[in-house]
Each structure stands twice: as structure tokens, then as C-alpha cells.
Amino acid sequence: MSSSSSALPISSPELTVALSAVLRASLATTQIFKTIPSSLTKSDKSPVTLGDFAAQAIVNTLIAKYFPDDGIVAEEEASALREDEQLRGKVGELVKMALEKDEQSLTGTKESELPSGSKKWSAEDWEQSDRFLSALDRGNFNGGPSGRFWALDPIDGTKGFLRGGQYAICLALVENGEPILACMACPNLPYAVSDEKPKEGDRSGVRGDGSVFIAVKGKGAFHRSIAPPSAAFEPIKMNSLSGGLSSASFCESVEAGHSSQGTNARIAELLGISSPPVRMDSQAKYASVARGDGDIYLRLPVGDGSYVEKIWDHAAGALLCEEAGGSVSDCSGKRLDFGKGRTLSANKGVVVALKGRHTEVVEAVKKALIEEGRGNLLGEQK
Ligand SMILES: Nc1ncnc2c1ncn2[C@@H]1O[C@H](COP(=O)(O)OS(=O)(=O)O)[C@@H](OP(=O)(O)O)[C@H]1O
Ligand SMILES: [Mg+2]
Ligand SMILES: [Mg+2]
Ligand SMILES: [Mg+2]
């Protein structure tokens, strides 16, 4: 049952565990970030690193321990590690290091404030074997419209991670097709304005501390510095845009192949926005907009829109923005449906803006897509 946690502004056993999980995963990824991580290429030609594997194994181990009945829809799977003993050994060491870290010195939560967990998934047990491989493979759940499950992107923005840019560990609890809890660690996103972002390619990490974000449906969104553990969570809100939409700044992907940067430029023009877009890897875009570092996040499909977005790329970020006063939809204005399985198959593209300004932004999106002859991406609402 709910036990009040000194470290968190909202009392929830799921949130207490989620925070522990993403902060432990970020210990592992921060350590690897300092080296040039080697990467493997997956069947869809996208990269995966030992950071992605370790982070997923860490988060899944903790979910399996505290909520053994919950399914997990996560990006990675263990087959490449089963075939590569050396890589498996390195991932195992990182998982062990992160799971053994003292709870209070990491999250600020006393061990006794965690829910009682299943003994089966304790650190001593997996240490004896390659148990973390089966933890990793627990991410194969198919999701769906009813009941609850977790959505995990162990490293979102793997290309950013490899480049020395932004990346995020993104965990959400989804219930009946909607994210109800989110926890996102952005180790390279400075918490304090005075902290300097790492320059592209500089692998020493952020000067100061990265940021961790949480949100619970109906209870608001918050952020704090990743360290020290005693740092308090502060509420976050999107900018009120009192100067009108023309004063807005918008965020988009770094990779031109992931969203349509040309269409975004036309939308900015239609809205009277003259400032250039801020390009950033990963769901750090959602987090930045949620706390007012930017105002609009546009992720419009490229080409014929055949790419189908994955739920783990959006679940945590979408809740953060909604709880910070935003609306999140696809390019036709429809809510994102996280109950369709592992993908957002009912949606095309993502548009995030302040609630009272969102309709105006979607109208500009529709106009730009129709002008380009891509009105078919708007479905029936064309
Ligand atoms: N073609 C295409 N279209 C849209 N999205 C795609 C595409 N290919 C990959 N992906 C997913 O993009 C995720 C990274 O998104 P980002 O916004 O971080 O992209 S970018 O690096 O800033 O461009 C990335 O997530 P990670 O694999 O977790 O990094 C992918 O799931
Ligand atoms: Mg991703
Ligand atoms: Mg990923
Ligand atoms: Mg990936």
C-alpha cells in the first residue's frame, strides 16, 4: 500500500520504484558515456549499445522484483548478448554495480520505504547466473488496450548517446491505453540554467547535474537534479506564451530521417515564428518543453509516413507534457493511443503545445501537410 516517501512529492509505490530504476540505469549509462561505447547494428539498421542493454536489464529487474505481475513493453531483447560472452560480461558488471548502489544515497528514499519485493529477483540471485538476460527479455510484452503495463525505452536517442549528445531513460506505467505515471532521467540535460551542456562529442558529461522528471496523471509534473539525492522535486509548467505563438520556440529531432524538418519550417512560418528550431535528440525534447525551455515539439512523419512510432518513444514524454499544461496529439489532432500494442499504429506524427494553443498549431500542421500533398497523413480528418 501507499507509503509516504520523503524523497517524492507524490506518494506512490510505483513511482518510488520507477525513480530507483531509472536512476540506477542512469548510473550505468553515465559510466559508459564517458568512454566511446561500441555499438551493434540491429536488424532495422538502428544502433544498440551496452548502455541500452544494461539500462533495460536494470529497470526490468526492479519491476520484476516489486511488481512481478506487470508486463513490460521495452525496446531491446537479449539475443545479441546470449551470443557474445564478452559483451554479456561487461553488461553484467554494469547491472551489478547499479543494482548494488545504496538506495538512499541514490534516490533519497529509505530502503524501508520501498514496497516489499519478490525475493526471486534480488541481486544475490541474479549474480549467480545470467539472470539479467531473462530480466532483459521480460520487455517482450505486447501491450494492449486493457489492464496495466510498463513502457520502457532504456536509452532513447541512442544515436545522441553515441554522438555525445542528449539521451533519456524513459519509463511509463500505462493503464487502459493511457500513460498514468512517468519517470525520465536525462543525464546530459542540465538542471540549473548555469550548468553547461556538454559540447557535441565531449564525453565528460554535463557540468553540474543532469535532470530527472516525474509525472502522475492528475497530480502534476516535477523535476529535480539527478544528484544530490536530497535535492527536492520542484513542480514544472509549460510557458504561458503570453506574447502569442509567434514568440514560441520549437524543438525537433536531430536526425532528418526521424521527422520532417522542412514541414516544421513551413509550420513555423505559418505561425509567425522566426526563431530557429532547437534540435535535440531523444525525449529530452518533451522534458524541455514541459519545463518551459521550449514551447512546441513537432515530430511529423517523413515521406509517405510509413514509419510507425513505438509506444516507448512517447509514453513518458507525453504524460510529462500533459501534466505540465500541454496537449499532445498526432498530426490530425487525435490523442495518442497507447493501447494498440507495441506501436502507435492509430496515429501519425506527434504535436505538442500548450493546451490553449494546441488547436492553432494543429491547424498549421494540417495546412502545411495539405500544401505538400501529404493530406493523406491526416486520415479521415483531412
Ligand atoms: N524513421 C524513423 N522515424 C521516426 N522515428 C524513428 C525512425 N527511426 C528510428 N526512430 C526512433 O527515433 C528515436 C529517436 O528519436 P529522436 O527524436 O531522439 O531522434 S533524433 O535522434 O533526435 O533525430 C529512436 O529511439 P531510440 O532507438 O530509443 O534511440 C527510434 O525509435
Ligand atoms: Mg527511443
Ligand atoms: Mg532506445
Ligand atoms: Mg533504438
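Placement of Cβ uses the backbone N, Cα and C atoms for every residue, glycine included.
Taken verbatim from TrEMBL:
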- E75, D153, I155, D156, D313: Mg(2+) binding site (BINDING)
- 102-121: region 'Disordered' (REGION)
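When the binding-site residues D153, D156 are compared by the number of other CB atoms within 10 angstroms of each CB, D156 has the fewest. Summary of the Mg(2+) site environment: with the site residues E75, D153, I155, D156, D313 set aside, the chain residues having Cβ atoms within 8 Å of the Cβ mean position are D52, L152, P154, G157, T158, A168, C170, S282, Q283, K310, W312. Remote same-chain residues near the region 'Disordered' (102-121) are listed as 3, 5-8, 13, 16-17, 19-20, 23-24, 27, 61-62, 64-66, 68, 131, 135, 229-231 (criterion: CB distance under 8 Å, separation of at least six residues from the stretch ends). Across the region 'Disordered' (102-121), DSSP helix (H, G, I), strand (E, B) and coil residues number 11 helix, 0 strand, 9 coil. Around the Cβ of I155 (Mg(2+) binding site), the same chain contributes T29, T49, G51, D52, A55, F161, Y167, A168, I169, each under 8 angstroms and 6 or more positions distant in sequence.
When secondary structure is read from DSSP and collapsed to three states, D313 (Mg(2+) binding site) falls in the helix class.
Secondary structure at D153 (Mg(2+) binding site), as computed by DSSP, is strand. Less than 8 angstroms from the CB of D313 (Mg(2+) binding site) sit D153, D156, C170, Q283, each of them six or more residues away in the same chain.
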